[in-house]
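What follows is one structure encoded as C-alpha cells, with my remarks underneath.
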Amino acid sequence: MSFLELNRVGKRFGEHVAVEDMSLSVAKGEFISLLGPSGCGKTTTLQMIAGFMDPTAGSICLNGRDLTSVKPAKRGLGIVFQSYALFPHMTAAENIAFGLEMRGVPRAERDVRVREALAMVGLDGYADRYPRRMSGGQQQRVALARALVIKPDVLLLDEPLSNLDAKLREDMQIELRQIQRNIGTTTVLVTHDQTEAMALSDRIVVMSKGRIEQIGTPHETYERPASPFVSHFLGKTNEFQGEVIRRAGEALLVAGSCQWPAPVGPSGPVTITVRPEKVGFDSGSGNGVKARITNRIFQGNHWLFQCETECGPAIVVRQNTGEAQPAEGENVCLVWRAEDMGIRSVGGAS
Amino acid sequence: MSRNGSIALIFHTFFVIFMVAPILVVCLVAFTPEGYLSLPTNGFSLRWFRTIADYPEFINAFWVSLWIGAVSSVVALLFAVPAALAIARHQFRGREALSALFLSPLMIPHVVLGIAFLRFFTQAGLSGTFIALLIAHVVVVFPFALRLTLAAATGMDRSVEMAAVSLGASNWTLFRRVTLPLILPGVVSGWALAFIQSFDEVTMTVFLAAPGIETLPVRMFLYIQDNIDPLVTSVSASVIVITMLALILLDRFYGLERVLAGHSDRGR
Amino acid sequence: MSTSASVTAAQESAVPAPGKQERSGARAPWPLLLPALILFVAVVIVPLAMTVLLSFHNWGQYTGIEFVITLKNWHEIWSDPYFYEMFARTFRIAGLATLIAALFGAPEAYILNRMRAPWKGFFLLIILGPLLISVVARTLGWALLFGGNSGLVNKALMAVGVIDGPIPFMFTEAGVVIALAHVMMPFMVLSVWAALQRVDPQIENAALSLGAGQMTIMRRIILPQIMPGVLSGGIIVFALSASAFATPSIIGGRRLKVAATLAYDEFLNTLNWPLGAAVAVLLLVALVLIIVGSNAIIERRYSEVFR
C-alpha cells in the first residue's frame, strides 16, 4: 500500500528538463533516499513534493489525496533544509513552537510538545538559545525538532548533514535513523553521499540526469547495480573487458588467460564488473587474472592495492587481518567467486 | 523564489515614478523651446543648451569641479592606501580610534565641516584659494577612498603575499607586483566614488567658494537661489547625463553595488 | 550588478579584524599611518577645535569678532525661542523624512530582492543611481514639480481627485520633507537591501512548510530580520536630513530656516560667525549623541541575535 505516490512526474525549465517521467511509491513509515550527483533532479523532486515548485507533468498523491493543487502551507510536511533555515531572531524553543502556533495549538500543550521535541533530539536545556549561539550539529537538531513537532505525514530532508564535519555526520546519521525508527514517520532524504544513503534508508532511488536509474534496498543497489552509472556512483568497481563465446553445448566467459562457465545471457564482447573488496590474491591455483602490484597503500583497517592486470588496471581492497600481504612489484593472480562477478554486454545494461 | 504579487508591483511602479520623476522633469524642461519654465509640449529645442555657452561661469565651474574632483581623489588615495593597509594588516593599540577618526568626515555634518574649514583657512590666510578648496575636498572624500581600499585589503588572501616573500620578493617588489595589483579594483572604485562625492559636494564647498573658484554644484545652487529658469535646468540635465554615463561605465567595469557599498552606513 | 554579497562584506568591514597571524599589541605601523594622521589632525581636529572656540567669542556689529571668552552666543540660543523653534523644525523635518523613507524604502527593498535577474539589476540602478546625481539637480526637479500653485504634482493630484484645490509645497515643511525623503531614499533601500542579503533564502519556504501564511511570514519572519537594516538606515537618513543644506534651502526658501541654512546665513550674510559656529556645534553635538546613542541601543538589542 503506497502512502506517498509520484506518478510520472516531470519538471521542465524552458528547454531544460530537470526531472522526467518519475514514478515512485513510498510505503508508510519507509525511509527512502533520493541519491545522485548535483543536477540529477533530486532536489527538484523534493521541492515538488514540498510544493515550492509545481510539476509540469504528472501528479503527486499523499495518502490517496492529490497534492498538486494544495498550497505548501497546507501540505503538512516537515522539512529540514540544507541551510537549516532556522529563524535567527527566535530561540530554539520559539523556532520549534512556530509550526504549532500556526496550527493554533494552545499555549500549554505547545510548551509540553516543544519540551518533548527538544528532549527527543537531545537538546534539553537549550530552549532559550538563539541559533547563532549554537553549533552546526545543535542547529541541525533544532531544525529536525521543528520539522517533527508538527507530526508531519512525511519528513523531507534536503542534504541535512552536508554542513557537518565527518565525525559529527556519522553520529547524526545513527541518531537520525534511531529517531525515525522510533516515531515511524515516512521520510524522504535527498543526498549526494552514497554512504549516508546506505546507512539511513530502507530503499535508495539512484537518480541521474532527471531520471531514475534504479530503485532498491541499499544491498541490492550495491550488489546488483542496474547500470554502469549506479555501479560507479555506489562505491568503486573494477571493470575488465572479456568475451562470451557460445558454442554447441558449452558457453565460456573469457578474460585474458582465464575462463569461467558463462551464465545465460549476453554473448560477444562483455564488460566484467567486480567490487575491489571481493577480489582475492592467489599465487598458486592458476585460474585468475594475472597482475602485478604497482602500488600498495596502508589505510588503517584495510590495504589498498593498485594493480596492472592483463585486462587493464584494477584495484583490490583487503581487510587488515594482520596476515602478510603481497609487496609492491610482486606478481599475483586476482581471483573472485563467480557469483560476485557482474557481466554486461559492451555498451548495454546487464 | 516566489514572484511579487500585483499589489507589490503597483507599489513598485509608484515608487519608481517617485524616484525618477524629479530627475526626468529636469531633463524634459531643459528641452523647452519657450523662454520660461515649461514642459516641451511644442517640440524639443536645444536653445537652452546653446545658451550655456554664453555663461562662462558655468563652463568655468565645470572645469573647477573636474579638477578638484580628480586631484582631491588622487591625493586622498595617496594618504588612504597606506593607512588602509596598516589598519587591515596590523593589530595595534588605538586601531579602532584611528579608524573612527579617519571615517569621521562621514559623521560630521558637511555644514559643520564647511564652517570649520572657512574659519581655519581664513586664519591661515588661505581663504578663497584653490588649494584651500582642494584640501577640504581631500578630507571629505578620504573616508570613501579609505573604506573601499580597506575592504579590498581585508578581503585579500595574505598567503599570496607570503608566497611572494618566500620566493624572494623585496618589500617594494611585493607591494608593486603583488599587493597593489590585488587591491587595485578596490583602489579604483575608491577613486571613482571619491571623485563622484567631490563632484557632487555643495554644502561644505559653498562656504569656501569664491568667484572664479566655484564648483559646478555651488554655481548652480547660487544661481537657483536667485531665480529658476530653463538655463539652470539645461545645466542640471547635462550634469545628470554625465553622471548617468559615468554610472553605467562604473557598473559595467566594477559593479555599482561595490561602489555604493562605500555609502551604505554613512551615519555610523 | 556584481554579487550582492559585496554590499554586506563592505558594510561589515568598517573596522575588520586583521589576520590571525598578526601579533596583537604589536607596535603600530607608523610610517603607513602618519601621513593620514597628520592630515587629519591639521585639517580636521584643529579646525573643529577652532570652531568650538569661535562659538565662545563675542561679536559686534561694528567690532567684528572679539577674541574674548563668553557664553553670550550659547545664552542667546538657549533663551531665544527662535532657535528652539528652528531646531525643533530641523528635527521634525528629519524625523518625518526618515519615517517616509522607512515606510516606503523597506518594502521596496524587499520587492527588489524578489525580482528576477535582469529586472533586479535594472531597478536597483534606477533607485540607487540618484544617490550619485547632484543633490542640487535632484532638488531642482522637486522645485519644478512643486512649482507654485500650478506645479505638476498639484495638477496630478487634482486630476486623480485626491485634492480639490492646489496645496502649497514650495516654501513649506511638507515640500522639504518630500524632497528630503527622495534625496535620502537610496540610503534606506541600500541599508535594508544589505540586511536582506543576510536572510537565508530558504527561510520563507521553511515558514511556509510549517503552515505560515504570507502576512505571518512578513510580520513574524522577514520584518524582525530586516529591522536592524531599517534602524541603521534610519540613523543615516535622520543624520543626513537633520544636517541637510541644499534641499531645505531651495525648497524651504529664505524664511523656512533649518540649522544648516541658519548657520550659513549667520556666516555669509549676517557675518555673525560666533553665533553661526554655536549653532553648528550644537547641531554636531546633538547628532553625535543621537547617532552614538541609537547605535548603542540597536547593538544591545540585537547583539544576542545577530552577533
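Every residue gets a Cβ built from N, Cα and C, even glycine.
Unlike curated entries, TrEMBL annotations are predicted automatically.
These numbers come from a predicted model, not from an experiment.
Feature annotations, reproduced from TrEMBL:
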- C:1-11: compositional bias 'Polar residues' (COMPBIAS)
- C:87-294: domain 'ABC transmembrane type-1' (DOMAIN)
- C:1-23: region 'Disordered' (REGION)
- C:32-56: transmembrane segment (TRANSMEM)
- C:91-110: transmembrane segment (TRANSMEM)
- C:122-145: transmembrane segment (TRANSMEM)
- C:174-196: transmembrane segment (TRANSMEM)
- C:226-251: transmembrane segment (TRANSMEM)
- C:271-298: transmembrane segment (TRANSMEM)
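A contact between the transmembrane segment (C:174-196) and the transmembrane segment (C:32-56) is absent, since fewer than 3 of their C-beta pairs, 6 or more residues apart, lie under 8 Å. Within its own chain, the transmembrane segment (C:122-145) has Cβ neighbours under 8 Å at 1, 108, 112, 115, 151-153, 170, 175, 178-179, 182-183, 185-187, 189-190, 193, 246-247, 250-251, counting only residues six or more beyond its boundaries. Most Cβ pairs under 8 A with the transmembrane segment (C:91-110) among the ranges C:32-56, C:226-251, C:271-298 are made by C:226-251.
For the transmembrane segment (C:271-298), the residues of the chain that approach it from at least six positions outside its boundaries are 51-52, 54-59, 64-65, 72-74, 76-77, 83, 87, 90-91, 228, 231-232, 235, 238-239, 242-243, 259-260, 262-265, judged by C-beta separation under 8 angstroms. Outside the transmembrane segment (C:226-251) by six or more residues, the chain places 90-91, 93-95, 97-98, 101-102, 105-106, 109-110, 135-136, 139-140, 142-143, 146, 169-171, 175-176, 179-180, 183-184, 187-196, 199, 258-261, 264, 283, 286-287, 290-291, 294-295, 298, 302, 306 with a CB less than 8 A from a CB of the stretch. Cβ atoms under 8 Å from those of the transmembrane segment (C:32-56) belong to residues 65, 69-71, 73-74, 273-274, 277-278, 280-281 of the same chain, restricted to positions at least 6 beyond its ends.
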